[in-house]
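S.K.: The following feature annotations were taken from TrEMBL:
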ACT_SITE  Y136  active site, proton donor/acceptor
ACT_SITE  K164  active site, schiff-base intermediate with substrate
BINDING   T48, V208  pyruvate binding site
Amino acid sequence: MSKFLTGVVVPMVTPVTAEGAVDVPAVGRLVEHLVTGGVDGIFVLGTTGEALSVPQAERERLVEATVAAAQGRVPVVAGIASNCFAESCQAAQTYTALGVAAVVAHLPFYYPLTDEQSEHWFLTLADTLTVPLLLYNIPQTTHQSIALASIERLRQHPRIIGIKDSSPDEARIAALLEAVGGLPDFTVLIGAGLRYAQGLRLGADGIVPSTGNLAPALCHALCTAPDTEIELLHQELMALTATYQAGKTLGESLAALKALLTLRGLCGPELLLPLRRAR
């Protein structure tokens, strides 16, 4: 399978009303902003999208609205992560019917898992799918990483097309790209802002920037820049990121991000509990 997730894949925020319902008109505005800004894909129901706080019925409305707004101009992928295997499978089936190009899953996060258990989870999940699966490594929330040796084994499955790795560890990203970077049928996307420049220089296929919600064109410029310009553009992107992340917890930074998007008329400031809007 040729790579179709490359470049800038934005982890879209989930616009919601004060009552907690998906704000469908805001989804349309945000998708248009992203597509016209030059993104190469949209990732809904990830960490930036408050995925685990969104009720299942609203997740489905979000996926449906995003796919409709994208109109096939860029691929839409959706998170299916859950501690319940059956729920992940059902979500994948539903989102596939709604038109996603792939699904994304990180490790379950309640029980510490051995590498064998982690691999079995992903392989069994992939066996149930009719669309591609993108692995998602985010030790900040799952409290463990997908082992590099596991990734090398998992990539042999025909449905597992790549990984979004949000580890901020420089050595981890270097080792990941040494192991599986540059392969014709396996995509490596960098999710940690601090590692974008490193990843792109070492051959990553793209980035997954939360700041892409604000500045898709800047993210596009970074991903398409020659090596001589990557560092300067990365510094510019990180300076913008610091305006809503510096000194804040992850949840607080999402509230600040939505506040900035509100100022631009793209969505409202509301978040879903346990997170709260910026005060």
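The backbone N, Cα and C atoms fix where each Cβ goes, glycine too.
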S.K.: Cα-Cα separation of V208 (pyruvate binding site) and K164 (active site, schiff-base intermediate with substrate), in Å?
M.R.: 8
S.K.: Within 10 Å of the Cβ of K164 (active site, schiff-base intermediate with substrate), how many other Cβ atoms are there?
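M.R.: If we count other Cβ atoms within 10 Å of K164 (active site, schiff-base intermediate with substrate), we arrive at 26.
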S.K.: Given the residue listed as 'active site, proton donor/acceptor' and K164 (active site, schiff-base intermediate with substrate), what distance in Å do their CA atoms have, once rounded to a whole number?
M.R.: 5
S.K.: If you draw a 10 Å sphere around the Cβ of the residue listed as 'active site, proton donor/acceptor', how many other Cβ atoms fall inside it, taking every protein chain shown into account?
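M.R.: The residue listed as 'active site, proton donor/acceptor': 26 neighbouring Cβ atoms within 10 Å.
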S.K.: Once the chains shown are all counted, how many other Cβ atoms turn up within 10 Å of the Cβ of T48 (pyruvate binding site)?
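M.R.: Here the count is 25.
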